[in-house]
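Asker: Pasting the relevant annotations from TrEMBL:
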type: DOMAIN; residues: B:5-194; note: domain 'Electron transfer flavoprotein alpha/beta-subunit N-terminal'
type: BINDING; residues: B:ARG218, B:244-245, B:258-262, B:275-282; note: FAD binding site
Amino acid sequence: MKIVVCVKQVPDTTEVRLDPVTNTLIRDGVPSIINPDDKAGIEAALRIKEEVGGTVTIVSMGPPQADVALREALAMGADDAILISDRAFGGADTWATSSTIAAALKKLDYDLIITGRQAIDGDTAQVGPQIAEHLGIPQISYVEDIKVEDGTLLVKRKFEDRSHLLRAKLPCLLTCLSELNESRYMSIGGIFRAYKKDVQVWGLEDMKDTVDMANIGLKGSPTRVRKSFTKQAKGAGEKINVPEDEAVAIIVSRLAEKHLI
Amino acid sequence: MSKNVYVFAEQRDGNIQKVAYELVGKARELADTLDEKVYAVLVGQGMDAQAGSLIAAGADGVVLVQDEMLAEYTTEAYTKAVVEVIREKGPEIFLIGATAIGRDLAPRVSARIHTGLTADCTGLAIDEASRNLLMTRPAFGGNIMATIVCEDHRPQMATVRPGVMKALAADSTRTGEVEELKVAFSAADMPVEVVEVIREERTSVDITEAKVLVSGGRGMSDAENFNALLDPLAEVLGGVVSGSRGAVDAGWIDHECQVGQTGKTVRPDLYLACGISGAIQHVAGMEGAEYIVAVDKNDGAPIFDIADLGVVGNVDTLLPKLTEAIKEYKEGK
């Protein structure tokens, strides 16, 4: 089975701050990792490959530094890695990002595409389903279990109050949860192999047959960030630091005033 | 020319979800600002009798798409239904609840009709000058808020977190039109077969419905303390026990009862935070509460920055006394 896994390199924390002057994210000193849901996607792909044979290709869109994330995926056992990187692709929203990644995937031969459910920096969960739509293939999101049966997939999808057991023919796109599996560590041999392999870098020129210039980068993005800001606190009320019995009496009287008791 | 505010009214097993009414409430406000109308889009099977509840909640009309194939949610059939409605009606704004179903459906729809989509919005407003929708959402785990606009594509689409918007009180005297839009479905619209639907038994109460939440965090020390102190307090207040991520990760309470960015958004009348420091991810889920009381031993805890009444104290000794005092007060009343 030819499996493609789409991954994103993200900052290893949700504790990022805004620079008060430039109003941009302070990323300095924050290490980058493979997005956790995407890493579960790599693991799922490697397990399917081990079971039924095939290849695992990793695709990422991002700046040249994302090479590190792709090398990590190679060290885990992936066969090939492609970095989609070009200034023309920068500033993309989820629509333009998914259009660009779909344009790259159109150049590949695939049976199954796996993405993470959502990235921990943007939290949108939109790019996976949008890629599926651009490619015209079905999607199953929130995947928590995958079985391959006679060339079809038997997939368990988790919603809030129920799970669906679904059967899908290939090709198909899955978006998976980090709870799907425990991903393996890079092996020493894997790390050596990863640095012997080439990460292919695809720019605009390499994708000119499949990419639509109207659908990429900032210009191809239907949405724009009007402004970003750090959240305003609601504003503190009254704070008391008094003996316990007195504190209890104050709480009771406030609750009574508000008709909450 | 695009016009009117449309809301996807999510139903499961024929029950319209609470988030649908919340979105209709918000859509009413946006449409009134634009001097336009609100329509709810109800997709399913055998939903006729329930359409009226959306009108009572503030919609001017309901567009029904019904078919046997729509009884249980599937991505492709629902995408087709919603896309048909959008192509037929040309909405200015289209809102969808940021539930698992909404977050599966909305990106697919936006990609098909080529428009922008803003995920998990917590604030929606109309820009007076441009009449565009201002969509505000948290990113980076709630540390940063961004306001997004979609200027040149229609409809302006957003998913909205459940519990963030307020439903209007149902008014059964309101009137509106229910229109059924015919969409032809075939086997090709079901590329993924639903083999089985596994419903989970609800083991706990829905914390988003509770008027009073007694919520515990890491400061409750252990599972025994968590239950022994919070359960009686919740009982005397007629409320429900919830928890922070710390309490859920420690296994003291089920994930279903987690308040915060990775849990649920709640807006009870009273939120009593016990031993919760108030990380921004937690605050994101409860700051809409009407009245917030926080008890924590750490004087510098960020929860005190948003609490209406902050009490610096030891939960272990204070909470039992509070339970007794409330009991006495109620008996004496």
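Heads up, the Cβ atoms here are built off N, Cα and C, so glycines get one too.
A description of the local structural setting of each listed feature is requested, covering burial, neighbours and distances.
Answerer: The average pLDDT computed for the domain 'Electron transfer flavoprotein alpha/beta-subunit N-terminal' (B:5-194) is 95.
Take the CB of B:ALA279 (FAD binding site) and look out to 10 A: across all protein chains shown you find 20 other CB atoms. Secondary structure at B:ALA279 (FAD binding site), taken from DSSP and collapsed to helix, strand or coil, is coil.
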Asker: Suppose we draw a 10 Å sphere around the Cβ of B:ARG245 (FAD binding site). How many other Cβ atoms does it contain, all chains included?
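Answerer: Neighbour count, Cβ to Cβ under the 10 Å cut-off: 21.
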Asker: Chain A proximity: which binding-site residues among B:ARG218, B:ARG245, B:VAL259, B:GLY275, B:ALA279 have CB distances under 8 Å? Answer 'none' if there are none.
Answerer: none
Asker: Under 8 Å Cβ-Cβ from B:GLY275 (FAD binding site), six or more apart in the same chain: what's there?
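Answerer: In sequence order, the residues whose Cβ lies under 8 Å from that of B:GLY275 (FAD binding site) (at least 6 apart) are B:GLY216, B:GLY217, B:ARG218, B:GLY219, B:MET220, B:SER221, B:VAL295, B:ASP296, B:LYS297, B:VAL315.
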